[in-house]
């Protein structure tokens, strides 16, 4: 195609120009040609210069109207009709089929589509400065250069066609095709920049269509329809460009589409429309890529269009209606959202009361958390809807609509005013023209009459000359008057013409101004709609994004529940009396005055004198029955000393399952005191199920200890209230002055209580849940604990580990190591918040024995998560994550090398290498961070060692603690994509630290109790004392093999724990109950050698007492038992003299040994 066009052009002997009107016209000279070409080249650069390196998006395509707009031609003076006007050259008919492709301009070079006969303007100069005829090259060298460039462009299109339509390299064809298209467009841009007159609408439109077809082409499928469309687009751009080159060489350039710029308005020149850039570059194709024309081109197009202002005003009016419809839609939708959120809140409130009414229900914590999340979602949605209505959408859009309507009406009024002025001027012009015509006719008639009178006077006789003279004079006066009137009418007519021209020009000025103002108003409204829409959908995303995470969390937590777990817990917590044994024996009839031997035997089956009180010291031992009547020999009377118990003395007929004997009324029920010296409400020695596991007989004399001092019963104004264990440690009195409650953090005015020693204030109703113990000194103010810098919290601890970490870890290790899902299952939010508040109010004095293990673990995770900088500093994050990535990559490579089979030795080598590298990196941590991290990981290692029970593997703990202990430096985004991607790597680091704890911190982790046992079930070893049983070494009593999980969960069995006593009693079968009814559980030893030394465990409060005793001691060298008994003045001492051999629970059997030389032992 291009070669044929080239041959035709080379055969052209000269360059001629056809005149559309058919009349001959002078040909332009050579210098004129050159100057015209120079002017054309000096115009702004083609927008293809702005094409990005990658391909632009599909250009929009619209069909332009083939209409000639009014007001575009220049008004010529009446006397200049002989001058040839600006040429309006007609497009060759052979190219008329491509006119529809020029729908609208794609460049900023003012190439507007105004019909088939319109072309882009030559320059940006005013119409008076334009040449009257088109320009073209005059030198053969220019033609040869142009044809060479055209040949390069044709070669680029051929390469593009081959690349797109080839059948091989399916995957590599797309980038190769884009590269070929970019090369062809680059050549085309160079040609247009060199010859600006080739920048036609048809060429740019065809280029946009070709770009769209190439980008939308499916290279992986053989679609004939797409290939046909691509070939058609390729042919279209070739034909359009070759036609432009032909017209350029023939000189057929149309300049009739120039903008009619109002005189005197320099701001509307083409230079100012394109901007004051250094090179005058017009708007780039980026604007076209975005789907809209540059603002200046839109105004110019409407200026040339008939009724352009009315069309713009109509669009502005429709836009105001559109904004109103948007506001209506969002109002209705937000109303529905508000109703749903309020209904959800109301439903959650009502259901929460009914759902949480009964404890120990299946998945109760899951649904409690779900209800809390529903409440939070409803509250957040209500706030979001309120924000939408008042700040981000409704109000701004409503104000913008009102302003939009106001400005539209003002612009419309100004436009109509200008139109009315022009109409008045045109009406005056028509009237003046009519008057002028009438006066001229009257003047002509008067002149005719004067001429006729003169002829009559010349033909009359000399005697009648006076009458003719008078008639002539009269007609001359009339002719003079008619002439004057005609001149006045002509002057009026000229004035009206000038006024009409002025009003017409003013109308054009008003049109330009109105279009600019309308577009400004529309753009402002567009921006407001855009901002409001972004704010709306962003807010909706923020409200709905957490929902999938919450549902996934609830799903994972629900998977950890075992069916029947809550029912078992409910049965274990039942405080019911034992069902009495009913015997159906034959009883022969006896007389009314005689008793049956069977009845006498039943009445004498229990002798209460076996239960020796303080006054029974020195009395001979008596034989009595135990739980099932098995005889047990007692030795307490022969000991000659009294010791104190750390639990209450309680006897009950129903609880013991025995009939009361004589003297049973001498026993009183005492309540146990806590180790801090005051009463405890929940430590009464009563089995939760009301069973015989801790009978009254055992309670009265367990471990051979009898009360030495009376235990104080709670007194004062709150003695009849239900007090928590921590509340019973305070000396309470009525509140005297208003204060803030340390439990619920609200003010107390009436019905309040305060401690006489620590001045703690609390509501009366809050005493049931109070978790802060009495410190026997004034309680300090509230501490900002959560969210505080870690160095401040660790500064107060001697070893660098904050007290909250120690407190939570110790409590979990004491009674929740074997709890299933520990750290994985979330606690109840309200209880967790109360515990956090208690830690900030009471610090180390918080009582955790009544808290749920999951709540305690949640508090610990929350504290670590809210640290401004995690335990593992930000500066180590990227190195640790990179190390985890390398480790995972190495494992994957090793697995691939072994053909998919996991080699444990290679994986272990990779993990050990990673652990060594972790050890080197963690040495850079601050001392307090490293100490706390080591303390926490030692605890997690202990949890992993019993993973068969708690189901918490190192991987699970890594998933939980990875984002908590190791997280990147925070950014502006709520959740960055990189942090989500790094979750597996964070978990990998923590998992390696747990598994290789000893290698990382260069010490061996402590083994849990039972770890030294040869049996594989890892049962806890229980050391018990049998004060009333004399047996030699090697006496063995079998135990039940099936013990409840509750007994195995406790790592250290304390003498102060009721649950430990209850669990130990459940370990014994009914056949050995008589022999083991007075067992005392001691702490398990760390090794086989230390088992014989019977070193007991200490609770947190006992350690506090020992520390105080050492500080207040007088330096004597008394035994620890003497110092402790001297310190405990109002509570039972924990001194236990155990001269008899200890009993050990090993492998489901109890082994007794003899050890006569025993020292007092701390329990």
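Note that the numbers count up from 1, one per residue, in the order the chain is shown.
Glycine too: its Cβ is placed from the backbone N, Cα and C atoms.
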Using Swiss-Prot as the reference, determine which range in 545-590, 683-728, 729-774 is annotated zinc finger.
729-774
Can you say which of 432-453, 454-475, 476-497 is given as region 'Disordered' in Swiss-Prot?
454-475
Looking at 118-137, 138-157, which one is region 'Disordered' according to Swiss-Prot?
118-137
Composition by DSSP (helix, strand, coil) of residues within the zinc finger (729-774):
5 helix, 15 strand, 26 coil
